[in-house]
Amino acid sequence: MNAHTAGGHALRHDWTLSEVQALFALPFNDLLFQAQTIHRAHFDPNEVQVSTLLSIKTGACPEDCKYCPQSARYHTGLETERLMEVEKVLERAREARANGSSRFCMGAAWRNPKERDMPYILRMIEEVRGLGMETCMTLGMLTADQAARLGAAGLDYYNHNLDTSPEFYGEIISTRTYQDRLDTLEHVRGAGMKVCSGGIVGMGEQAKDRAGLLMALANLPRHPESVPINMLVKVKGTPLENEANLDSFEFIRTIAVARIMMPASHVRLSAGREKMNEQMQAMCFMAGANSIFYGCKLLTTPNPDENSDMQLFKRLGIRPAQRAQKPDQIQEEEILAEVSRQNAPDEMFYDATRPRAGVARS
């Protein structure tokens, strides 16, 4: 068996489709009991990691992902925005930290980052880390060199989802291959960063495709440290705007099976949460979800606001996880970040609405 042990449970990388389908087929209570038992062996069951996601460059993406309102191929009414100024990103990061987030995720609607944008991206990473927060980015596909530069700047996590099963993937995206995604994850690992990778359910896939997605994730050489499970957010103007709703229990089953297959990973209750009532969210936490995105938007789609999240946490006895860092270390990093900012050359900060002379921005 291809496995190693963590917390008393074997971390497997050799799942078969029939095994995963058997988990999905368990009676609901049995499935949740198994998932919760495994969850408690690896995590505090009443602690949830809280992240904030900011779109640092919005819209005009050349890809054709059928679920995505940021694709330039679909008319969704989304207002495109250029790459944000570094200081504006830091303002949002400070707000996120004050509201309880321990991780700040930055997303750009690109096929892949351009060289002209890399200095600003690297500066964002360094400055946000200086606030004492974990950093995560999703910028599209990466070369090995780009991944190495992000890692050297201190990026903690890189998000690149597999989206769905290899078999269903071609029904959703044609502008990049499944192997392209796997290659990017390999580059991220090679650069020493942690992997955030999951998928979207409710896109018209079959049950075997949800099983296939989780199998692809769990059979990676190393499990992703973070596994976001997204419910499709149907946006008018995208090809999936009229897709039928996925059964709520099927979504909860997906969370539970992800927890069983990847025991030591954070399973994130991600997009689509705004449409879930409190009871469904509570069942997802029982099934093993222990991470959420926090705030009013997930890139370009709605998300529950901070107050409703904290009220639900209080009712459930859940508390936000804190980054393992001493207060004096955070204070020291803040001072160093402020000194660095004051001494930085002006050209590192720019108005994203006014391209710098001689530089075209996408």
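Cβ atoms are placed via backbone N, Cα and C, with glycine included.
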Recorded [2Fe-2S] cluster site member, picked from Cys68, Cys136, that accompanies Cys105, Cys196, Arg268 in Swiss-Prot: Cys136
Rounded Cα separation (Å) that holds between Arg268 ([2Fe-2S] cluster binding site) and Cys68 ([4Fe-4S] cluster binding site): 19
Cys65 ([4Fe-4S] cluster binding site), number of other Cβ atoms within 10 Å: 23
